[in-house]
Every structure is written in C-alpha cells, then in structure tokens.
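The transmembrane segment annotation in TrEMBL covers 39-64, 76-96, 138-158, 165-184, 196-216, 228-247, 259-279, 291-310, 316-333.
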Amino acid sequence: MEAPAPAGPGGPQPYAPGAAGAPPSLLCRIKGKLFTWNILKTIALGQLLSLCICGTAITSQYLAEKYKVNTPMLQSFINYCLLFLVYTVMLTFQSGSGNLLYILKRKWWKYILLGLADVEANYLIVRAYQYTTLTSVQLLDCFGIPVLMALSWFILYARYRVIHFVAVAVCLLGVGTMVGADILAGREDNSGSDVLIGDILVLLGASLYAVSNVCEEYIVKKLSRQEFLGMVGLFGTLISGIQLLIVEYKDIASIHWDWKIALLFVAFALCMFCLYSFMPLVIRITSATSVNLGILTADLYSLFFGLFLFGYKFSGLYILSFTVIMVGFILYCSTPTRTAEPAESSVPPVTSIGIDNLALKLEENLQETHSAVL
C-alpha cells in the first residue's frame with residue numbers, strides 16, 4: 001500500500017476554518033459590511049446632529065413652558081444672523097466664482113427661493129404644534145423622507161437599491177414605536193385647536209425641508225459648503241427679519257428679558273448654528289437622505305433629557321425605538337446608492353457609482369485593491 005502523500009506544496013492541503021483562502025463566514029461578512037470605520041463615523045456624525053436638534057428642542061421648550069416665550073421666528077433670525085456674520089462675510093473675501101458679488105449676479109433668484117424654503121420650513125413645523133397633536137407632527141414630519149428620495153431621484157439622479165427602501169421602512173417603524181411610547185406614557189395630552197390645519201402645515205414644512213436638503217446636497221457636492229451657508233445666511237436673515245416684524249413683533253415686545261431668557265436664546269442659536277455648520281459636512285460624505293434618517297433619533301434624545309428636566313414618564317419602547325431606528329440607519333449606510341447619467345448626456349445610459357456614501361465606496365475599493373495585492 002502506498003503511503004499517503006505528505007501535506008506540503010505538492011500534496012493535498014487539509015481544510016482549516018479561517019485559513020488563508022478559506023471563504024469567510026456569513027457572520028464575518030455581515031460584520032465587515034455593517035461595522036466599518038466609515039459607517040461608525042457616519043453614525044457618530046449623525047448623532048451629533050441629533051444632539052444639536054435636541055438642544056434646540058429643549059431650549060425652546062424651556063422658553064415656552066417656564067417663561068411663556070413663543071418666538072420661533074426670532075430664534076431662527078438669530079441663527080441666520082450668525083450664518084451671515086460668519087459665512088456670508090467669508091464669501092466677500094473669496095475670489096473668482098466663489099465671490100459674493102459673482103454669486104449674486106448669476107444666481108440671486110435661486111438663493112432667494114432656497115432661503116424662502118428654509119425659513120418657511122422651520123416656521124411651519126413649529127407653528128403646526130399650535131393646531132395639531134404631537135403624534136401627528138412626529139408621524140407626518142417623516143413625510144419629508146419619501147419626498148426627499150423622490151427629489152433626489154429626479155434632480156440628483158440617485159438610484160436606490162432594495163436595501164435602501166427596506167432601511168427607510170425600518171426607520172419609519174422605529175418612529176411609529178416612539179409615537180406609541182408617547183401615547184402610552186401619556187404625553188399626548190393636547191388635541192390641538194384645528195388638527196387638519198396643523199397636519200397640512202406639517203406636510204408643507206416637511207416638503208420644504210426636503211427641497212432645502214436636496215438643494216443643500218447639490219450645492220455642497222457640486223459647489224461649496226461656504227456658498228450654501230453664506231447664501232442661506234444672507235437671504236435667511238432678510239426673509240426671517242421681514243417675517244419677524246410682521247408676525248411676532250407683539251410677542252417680542254411682551255418678553256420680560258433677564259439673563260436666563262437671554263442665555264436660553266444664546267444656547268438655542270449656538271445649537272442651531274452648529275447644526276447648520278456640521279450638516280453639510282455629513283451630507284458631503286453621505287447624502288441628504290441618510291442624514292435625515294440619522295436625525296430621527298433627535299426626538300428620542302429630547303425625551304431622554306425630558307425625563308430629568310420636565311418629568312416625562314419612561315417607557316421601554318423608547319429604547320426599542322432608538323434601536324430600530326439605528327438598525328435602519330446602519331442598513332441604509334451599508335450600501336452606496338448609484339447615480340444615473342442625465343438623459344441628455346452623450347454618455348451611454350449605464351449607471352455608475354455615485355457620490356452618495358462616497359466614503360463607504362472608497363473604503364470598499366481600498367479593500368479590493370489590498371486583496372488583489374495579497
């Protein structure tokens with residue numbers, strides 16, 4: 001009988017799990033796809049934006065409940081003034097196509113429409129709370145996400161995969177869980193004075209947010225972050241200032257100013273300024289849709305802080321809601337979308353990798369190159 005061939009370069013190699021060349025397990029592949037450094041960084045940046053929104057919600061609630069101050073337009077006006085003083089002034093020192101005068105001569109009317117959409121989106125959502133219920137605002141505000149996806153499809157030529165629609169559905173399920181927790185915890189105690197008007201205001205505000213976010217993504221990725229923030233600061237200051245004089249001059253005159261109220265206004269303005277300043281950075285490496293999915297957790301952060309500040313009741317559904325939203329957000333970020341060529345382009349109509357979740361695709365390419373070298 002022949003002796004078995006020795007295991008070596010010329011002989012058969014025994015299979016060893018985890019050995020070089022062995023196919024990785026399904027769990028390892030999923031872990032490598034969902035928990036990369038860039039996805040974790042995207043999650044962290046998204047939650048930073050959520051905390052900024054949480055800061056604006058808490059300061060506004062303090063002003064409304066403790067000091068009876070309801071001036072959303074004044075609060076927005078201060079934020080637009082800060083954007084003007086930083087980014088619009090910055091544009092005045094730019095040269096060439098990035099100069100303020102150059103931009104105004106060629107695109108002034110476009111930025112007026114953008115500023116109007118941004119200002120009114122903020123105002124309509126806040127105003128809706130006077131007419132409809134908290135549940136309606138939280139649910140209908142999510143209407144902006146499908147609107148944003150549709151606008152991205154037609155304007156930015158974004159092309160989604162099945163996993164993106166599944167991820168959005170998971171995130172919206174998390175929002176539904178949060179609303180259910182609110183009802184069980186007894187937070188839904190305001191029936192509103194005219195629910196239909198309030199619901200319409202929410203839908204309009206969410207749609208205008210979607211328009212503003214799509215424009216922001218286009219400008220940030222095609223032009224510059226400074227141009228977007230500078231133009232929003234300029235026209236947002238003008239539009240909100242005029243609207244402020246029309247709708248809130250009596251409310252402002254009735255404020256009994258002291259250092260606590262002034263501090264709350266400053267805190268709100270700083271949180272809003274940080275939100276506007278950081279959001280373009282996150283949109284540049286991901287997309288407006290993924291950012292909007294990430295900031296769905298902002299209401300939950302407000303609820304968690306409200307447990308200590310406003311005496312809210314805790315529900316385990318809040319934890320479940322947060323987990324479900326984060327799972328959907330991670331799923332969405334795990335796969336980059338594609339960008340289709342415009343119809344009038346001379347390039348053949350074959351889709352190519354777009355700039356949505358660009359950092360994720362770069363990491364994937366680097367991993368493939370590394371594997372090829374090995």
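Glycine residues also receive a Cβ, built from the backbone N, Cα and C atoms like all the rest.
Any TrEMBL annotation is an automated prediction that lacks curation.
Using the rule of three or more Cβ pairs under 8 Å, pairs at least 6 apart in sequence, the transmembrane segment (228-247) is not in contact with the transmembrane segment (291-310). Residues 45, 48-49, 52-53, 55-56, 59-60, 62-63, 67, 69, 74-76, 78-79, 82-83, 216, 229, 232, 291 of the same chain sit 6 or more residues outside the transmembrane segment (259-279) yet have a Cβ under 8 Å from a Cβ within it. Within the chain, the transmembrane segment (76-96) has long-range Cβ neighbours (under 8 A, six or more residues past its boundaries) at 102-103, 119, 122-123, 226-227, 229-234, 236-237, 240-241, 244, 265, 268-269, 272-273, 276. Against the transmembrane segment (165-184), stretch 316-333 shows more Cβ pairs under 8 Å than any other of 39-64, 138-158, 196-216, 291-310, 316-333.
The recorded stretches the transmembrane segment (138-158) and the transmembrane segment (196-216) share 3+ CB pairs below 8 A when only pairs 6 or more apart in sequence are counted, and are therefore in contact. Counted as Cβ pairs under 8 Å, contacts with the transmembrane segment (291-310) are highest for 39-64 among 39-64, 196-216, 316-333.
Remote same-chain residues near the transmembrane segment (316-333) are listed as 34, 39, 42-43, 46, 163-164, 166-175, 177-178, 180-181, 184, 286, 289-290, 293-294, 296-297, 300, 303-304, 357, 360 (criterion: CB distance under 8 Å, separation of at least six residues from the stretch ends).
Residues 114, 117-118, 120-125, 127-133, 136-137, 140-145, 147-148, 151-152, 155-156, 228, 279-280, 283, 288, 291-292 of the same chain lie 6 or more positions beyond the ends of the transmembrane segment (196-216) yet place their CB under 8 Å from a CB of it.
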